[in-house]
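Undergrad: Per TrEMBL, the features are:
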BINDING   E66, L88, D89, G90, T91, D214  substrate binding site
BINDING   E66, D86, L88  Mg(2+) 1 binding site
BINDING   D86, D89, D214  Mg(2+) 2 binding site
Amino acid sequence: MSSEHKDALVAGVEEAGRLVLEIYQRDFEVEHKDDNSPLTEADLAAHHALVALLGRLTPELPVLSEESGEIATETRLGWSCYWLVDPLDGTKEFVNRNGEFTLNVALIEHGVPVLGVVHAPVLGVTWFGEQDNGAWRSEGESRQPIHARELPDPAEAPWVVVGSRRHGAEAFEAFCARLPATECTSMGSSLKLCLVAEGKADLYPRLAPTCEWDTAAAQAVVTAAGGQVLDAETLEPLRCNRGESLLNPFFVVCGQRDARWEQALVAALAQ
Ligand SMILES: Nc1ncnc2c1ncn2[C@@H]1O[C@H](COP(=O)(O)O)[C@@H](OP(=O)(O)O)[C@H]1O
Ligand SMILES: [Mg+2]
């Protein structure tokens, strides 16, 4: 992708974020989908804006969004390259007006998220990552490269572990209790992966369900920043478009891979 295309992509995601913010700042209706998860006009406004943006930038590539209608599994499994979009991740946080929601766009090649944009409209922050090209965080006019950090020695500093506000609290607490010294915080949406990417958190264990669109963009940011998003069972990187289901396995996000955390992680996950 040319740098002009990447700039246009980021600008377009931020523009969609402004539409979301306008709705956030006024009254809006909340509907419920078949799985009882909330849906607002902001999810749909961002979906339409992002699908139109990607259609302009790369008309040849298919787009799969959380708010797309059904796409036949055999059609999707035939895609070697496509855009995967979560127009509003953290809809419950949006409804609760705590600002912890994001717009997410990932480019998937052969199951691997190779490029990702995550934008948090209320924070005014955008994260971007591209395989072999590094990751950055922008806020206002400033754009800084970001790097996942090495795990600190737990005797010197606690590991910062971040978890969901609403999902899998029990498994999260049990996992944290089995690690060496930790400092735990909770947060909504893909912001958790971005915290690991920028070296502000060490681990994000997700021992509860998510879908591929919840994680793909931020996984591209994390890996471009030197971190890992690993299947909690196999410790292999998460992949997309593997079969009929779009559910991710349980996973763990971590900064730079080393033997210490691998040991601690395997021990904490094994129980
Ligand atoms: N039972 C379930 N199955 C699949 N995904 C689930 C789920 N429960 C929660 N999620 C996903 O978890 C996301 C929220 O994560 P978190 O708790 O970390 O903020 C939701 O994103 P949306 O807000 O886009 O629906 C939703 O997709
Ligand atoms: Mg989501």
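Placed from the backbone N, Cα and C atoms, the Cβ positions cover glycine too.
Just so you know, TrEMBL annotations never went through curation; they're auto-generated.
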Undergrad: Using the structure shown, find which entry in G90, T91 (the binding-site residues) has the sparsest Cβ neighbourhood within 10 Å.
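TA: It is T91 that, of the binding-site residues G90, T91, has the fewest other Cβ atoms within 10 Å.
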Undergrad: Hey, how far is D214 (substrate binding site) from D86 (Mg(2+) 1 binding site), Cα to Cα, in Å?
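TA: Between the alpha carbons of D214 (substrate binding site) and D86 (Mg(2+) 1 binding site) there are 6 Å.
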Undergrad: Out of E66, D86, D89, which of these binding-site residues shows the lowest number of other CB atoms within 10 Å of its CB?
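TA: Minimum Cβ neighbour count within 10 Å, taken over the binding-site residues E66, D86, D89, occurs at E66.
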Undergrad: Given a separation of at least six residues and a C-beta threshold under 8 Å, show me what packs close to L88 (substrate binding site) in the same chain.
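TA: Set apart from L88 (substrate binding site) by at least 6 residues yet with Cβ under 8 Å, we have V20, T40, A42, D43, A46, F94, F101, T102, L103.
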Undergrad: State the three-class DSSP label for D214 (substrate binding site), counting H, G and I as helix, E and B as strand, and everything else as coil.
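TA: Reduced to three states, the DSSP call for D214 (substrate binding site) is helix.
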Undergrad: Quick one: what's DSSP say for L88 (substrate binding site), helix, strand or coil?
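TA: Where L88 (substrate binding site) sits, the three-state DSSP reduction gives strand.
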Undergrad: How many other Cβ atoms sit within 10 Å of the Cβ of D214 (substrate binding site)?
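TA: Around D214 (substrate binding site), other Cβ atoms within 10 Å: 24.
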Undergrad: For a Cβ distance below 6 Å to any atom of ligand 2, name the binding-site residues from L88, D89, G90 that qualify, or say none.
TA: D89
Undergrad: To the nearest whole angstrom, what is the C-alpha distance linking E66 (substrate binding site) and D86 (Mg(2+) 1 binding site)?
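TA: Computed Cα spacing between E66 (substrate binding site) and D86 (Mg(2+) 1 binding site) is 5 Å.
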Undergrad: Residues other than E66, L88, D89, G90, T91, D214 within 8 Å, Cβ to Cβ centroid, of the substrate site?
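TA: Apart from the listed residues, the neighbours are D43, D86, P87, F101, T102, N104, S189, S190, W213.
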Undergrad: Under DSSP, is E66 (substrate binding site) part of a helix or a strand, or is it coil?
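TA: Coil, per DSSP.
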